[in-house]
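Asks: Once you've had a glance at the structure underneath, I'll fire off some questions.
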Ligand code: F6R
């Protein structure tokens with residue numbers, strides 16, 4: 001979703017801004033632009049183009065040591081040149097880039113129009129530029145005061161950066177519901193909506209909180225609240241560098257991230273498994289044995305793949321801790337006035353840590369006194385900070401829109417949480433030790449799964465002509481089927497629907513025919529015979545079957561078989577998802593899709 005970059009220092013800003021935008025491309029966008037200030041004037045270049053094309057449009061000879069830039073994901077108004085950011089005021093003195101949505105922009109635009117303002121775009125952001133310009137013209141003492149006065153009139157979510165051509169030694173930034181991070185350089189300062197744009201230049205960062213503003217100059221930054229109270233911020237060092245955002249020898253980020261999974265799982269397990277007592281230590285959740293025992297129910301919530309991962313987590317909690325557990329989409333939870341119980345543990349799940357619905361659900365649950373922890377990948381993100389305690393996924397930066405390694409690490413972290421909950425209850429030490437050993441062997445089993453990439457690619461190629469597919473699973477296989485369908489639909493645009501095996505005969509069986517392949521999840525567990533029965537039902541109706549299994553299926557039962565190594569049965573859902581990532585990846589590849597940037601999707605959904 002939209003990306004912001006800003007720079008103030010002594011180097012030419014334009015190359016730094018373009019490079020920053022390039023790093024944010026993965027978030028998804030439909031237009032791009034930048035503004036620099038030189039000799040008291042703004043120079044704005046923007047269009048409904050990719051960042052590479054913007055580079056060609058930018059005049060070489062605009063050396064300015066200050067500027068702002070943006071990649072836009074259309075909300076108010078079509079993706080056109082006029083609606084691209086930055087937006088300027090009537091005097092062309094103020095330029096603004098903005099992520100988020102200004103909810104009362106209609107009323108603000110009407111008021112400005114009545115005062116004679118002519119709008120150059122249909123955006124909510126342009127109203128901000130005119131209001132800030134007007135506040136300065138009316139005698140605001142500083143750009144920061146003008147921005148503060150404007151934001152007091154605004155309802156909605158924003159991360160903004162403002163440039164004043166008549167005061168080019170500074171930028172003013174503000175955040176409410178949409179991330180803004182400052183990057184502290186040596187005699188230069190950066191700002192972005194995502195550290196990905198900064199890590200090439202600096203690892204020292206400051207995350208703004210909601211309701212905070214900052215004035216940044218080449219050498220300093222000063223933060224304050226919307227009510228003009230100064231705030232104190234301590235810079236932190238991010239454990240990331242530019243190489244984390246480079247493709248290396250991979251064709252695209254999804255492929256790279258699929259292959260990073262053995263390492264990212266190893267990283268998330270590091271120091272957290274306790275072999276002696278057959279349990280897991282998740283220090284960040286700040287719950288001792290007594291507090292863990294006091295939990296009577298666990299609710300996982302997140303969006304999209306994070307929600308499906310939550311379902312996998314809920315199953316593990318029920319299996320090992322024998323506590324009632326379920327998962328719910330955060331987008332539902334936030335609006336349905338949930339009954340919040342004090343002995344329920346609420347687990348917010350997010351890769352980006354910025355998903356608006358998940359953040360709002362955390363806030364609503366906390367407001368009602370709920371006990372919320374975060375399972376988040378991005379350190380410093382809004383959800384991680386809002387939760388206050390929890391576990392980082394340590395998957396490393398995930399650039400591809402389709403989540404892979406973060407999803408897997410969610411599953412692994414939930415397994416550790418369920419193990420810890422189980423071991424303070426009735427899960428025996430020997431079962432605990434068995435699970436610890438199972439978790440420990442996951443990285444090498446993932447290497448084995450990935451070793452079958454060519455075979456999985458061949459199966460994907462064989463079925464790449466299909467316009468629709470079923471993904472069928474039951475109990476442990478159900479979240480696997482859902483995530484498998486999710487991966488396929490989002491990157492290949494093949495219609496994929498997940499169904500519980502037992503539900504097939506209650507309706508969907510009518511859709512089975514030779515043109516409707518079914519991917520059936522068949523773990524070698526106590527439901528093996530049932531799952532074989534499901535395959536037979538599908539075959540009897542002429543439906544092709546791709547079985548994903550760690551069992552020895554009878555020859556000829558399925559049309560194609562994707563074999564998965566054996567792990568502890570409860571951990572099958574984590575392992576079984578990986579060949580489905582590979583399957584979706586190769587099927588999309590055979591169809592020539594833009595895998596890292598699927599149409600209509602953004603990496604981080606910071607608006608509703
Ligand atoms: C699917 C995918 C999305 C995200 C969802 C939540 O591959 O990536 O469904 O899982 O948008 O995002 P996060 O985890 O960042 O909150």
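In case you wondered, yes, glycine gets a Cβ from its N, Cα and C as well.
TrEMBL feature annotations, pasted as is:
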- 2: active site, nucleophile (ACT_SITE)
- 2-219: domain 'Glutamine amidotransferase type-2' (DOMAIN)
- 288-427: domain 'SIS' (DOMAIN)
- 459-598: domain 'SIS' (DOMAIN)
- 603: active site, for Fru-6P isomerization activity (ACT_SITE)
Asks: Near the Cβ of residue 603 (active site, for Fru-6P isomerization activity), how many other Cβ atoms are there if near means within 10 Å?
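Replies: Looking across every protein chain shown, the total is 25.
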Asks: If you run through the domain 'SIS' (288-427) with DSSP, how many residues end up as helix, strand and coil?
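Replies: Helix, strand and coil residues of the domain 'SIS' (288-427) number 64 helix, 27 strand, 49 coil.
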Asks: Rounded to the nearest Å, what's the C-alpha distance separating residue 603 (active site, for Fru-6P isomerization activity) and residue 2 (active site, nucleophile)? Just drop the number here, would you?
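Replies: So the alpha carbons of residue 603 (active site, for Fru-6P isomerization activity) and residue 2 (active site, nucleophile) sit roughly 10 Å from each other.
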Asks: Give the mean pLDDT for the domain 'SIS' (288-427) on the 0 to 100 scale.
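Replies: That stretch averages a pLDDT of 96.
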Asks: Using a 10 Å cut-off, grab the number of neighbouring Cβ atoms around the Cβ of residue 2 (active site, nucleophile), all chains included.
Replies: 28
Asks: Please classify the secondary structure at residue 603 (active site, for Fru-6P isomerization activity) using three-state DSSP.
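Replies: Reduced to three states, the DSSP call for residue 603 (active site, for Fru-6P isomerization activity) is coil.
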